[in-house]
Amino acid sequence: MKVLVINTGSSSFKYQLIDMPMEQVLVSGLVERIGEEVGQMVHKIYPNTSQEKKYTTTQPFSTHVEGMQAVVAELINPKHGILHSVKEIYAIGHRVVMGGETMKHPALINQHVKNIIRECAIFSPLHNLSHLAGIETAEELFPGIPNVAVFDSEFHQTMPKVAYLYPLPYDIYDDYKIRRYGFHGTSHRYVAQQTANFLNRPIKELNFITCHLGNGCSMTAIKNGKSIDTSMGLTPLDGLMMGTRCGDIDPAIVPFLIEKTEKSAKDVDELMNKQSGLKGICGMNDMRDIHEACAQGNAKAQLALDMFIYRIKKYLGAYYAILGHLDGIIFTAGIGENDTIVREKVCSGLENLGIFLDSSRNNTHSSTLRLISTDNSPIPIFVVPTNEELEIAKLTIQLVSNTQ
């Protein structure tokens, strides 16, 4: 069964065609610069295999529909297309960032679900409205094929009130549903389940702290296989220091900046989302560049790295305290999977908590799930490559199969 997985942004979208249950990626691609004078599509057949072939197209895509039409043309291309017809696609899975309190599970997309995605756009306007554009494009170009929404926030709907409520007047929650929602849920769920499989134990028996560290960063406390707390909040701005996002700050900073700098609320929001974090401290948001600058004695780069590590350690300690018992720490995403220095610094000094990193294992690069703690470490440490597209494909197949 072939599942098309789509992740739509405001001016781009990524896609994969996955053959299930073999979990073989037949096609992956990216259409970007939608709405600009010149757009680009990169379309790969059998990616990351010896059979990989890449096709690049440069042309204007005025809308998401035009971009997806170009993808369809490649999928059924008489010379190198994977499909004879788009009717071979069993289902389409869409990543949707925000599902609010209503969407606790993946959902077959109908008008009601689209209305909820639109309503939740008040908390994530750029993401949710883009996802809607992707969904409506798929409905237009793939008629009769079921579409499924998989929400970033749904995994965290198991958090208790003590974790998700903000200590504001309760009426604000009642009236506006302002609370912690959390994000990266598809990734946190996937790597936790993969680790449970590796340990050959049921996920419902296991407690993990998952660290999704990329340009966007979040951590989750998982108790008996369920999220009980997570670092991102009402929006993805909360929590850890990130590439360009500030993470936790004193809320009083916002009105202070508006008053003193005469910036608008929108300007301050942009500053916190796009000009802060690692970039705000040292001018760089790529961790590889920061490591290089640190090696050259750049004090601000070193400060940015130290602040980044410090915040992760704070959350790790806090989540250990609320979990009580820990079956593993999991690193994932771009930095978590590939950055040996960050992992070493995060784990350094935590031996009294039962966390012992094995330097040799940590410095061994691999694209597979692996243990990087010592054999006698009371708490094992894992590196687990995330695969949100595969998780979306699995959940899509499961839902569509159960409803037919």
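A Cβ is built for glycine as well, from the same backbone N, Cα and C atoms used for every other residue.
Keep in mind that what you see is a predicted model, and the values were worked out from it rather than measured.
Here's what Swiss-Prot has on this protein:
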ACT_SITE  Asp152  active site, proton donor/acceptor
BINDING   Asn7, Glu388  Mg(2+) binding site
BINDING   Lys14, His212, Leu213, Gly214, Asn215, Gly216, Asp286, Met287, Arg288, Gly334, Ile335, Gly336, Glu337, Asn338  ATP binding site
BINDING   Arg95  substrate binding site
SITE      His184  site 'Transition state stabilizer'
SITE      Arg245  site 'Transition state stabilizer'
- Message: Cα-Cα, whole number of Å: Asp286 (ATP binding site) versus Glu388 (Mg(2+) binding site)?
- Response: 21
- Query: Considering the binding-site residues Asn7, Asn215, which residue's Cβ sits among the greatest number of other Cβ atoms within 10 Å?
  - Reply: Asn7
- Item | Among Lys14, Arg95, His184, Arg245, Arg288, the one of these recorded positions whose Cβ has the fewest neighbouring Cβ atoms within 10 Å | Arg288
- Query: Cβ-Cβ under 8 Å from Asp152 (active site, proton donor/acceptor), same chain, 6 or more residues apart: which ones?
  - Reply: Arg95, Val96, Val97, Met98, Gly99, Gly182, Phe183, His184, Gly185, Thr186
- What's the most sparsely packed of the binding-site residues Asp286, Glu337, Glu388, counting other C-beta atoms within 10 A? Asp286
- Message: Distance check, please: Cα of Asn7 (Mg(2+) binding site) against Cα of Asn215 (ATP binding site), rounded to an integer number of angstrom.
- Response: 17
- Note on the structure: Asn215 (ATP binding site) sits from Glu388 (Mg(2+) binding site) (Cα to Cα, rounded, in Å) at a distance of 16
- Message: Measuring Cα to Cα, how many Å separate Leu213 (ATP binding site) from Arg245 (site 'Transition state stabilizer')?
- Response: 13
- CA pair Ile335 (ATP binding site) / Arg245 (site 'Transition state stabilizer'), Å rounded to integer, equals 16
- Could you give the maximum C-alpha to C-alpha distance in Å for the residues Lys14, His212, Leu213, Gly214, Asn215, Gly216, Asp286, Met287, Arg288, Gly334, Ile335, Gly336, Glu337, Asn338 that bind ATP per the record? 24
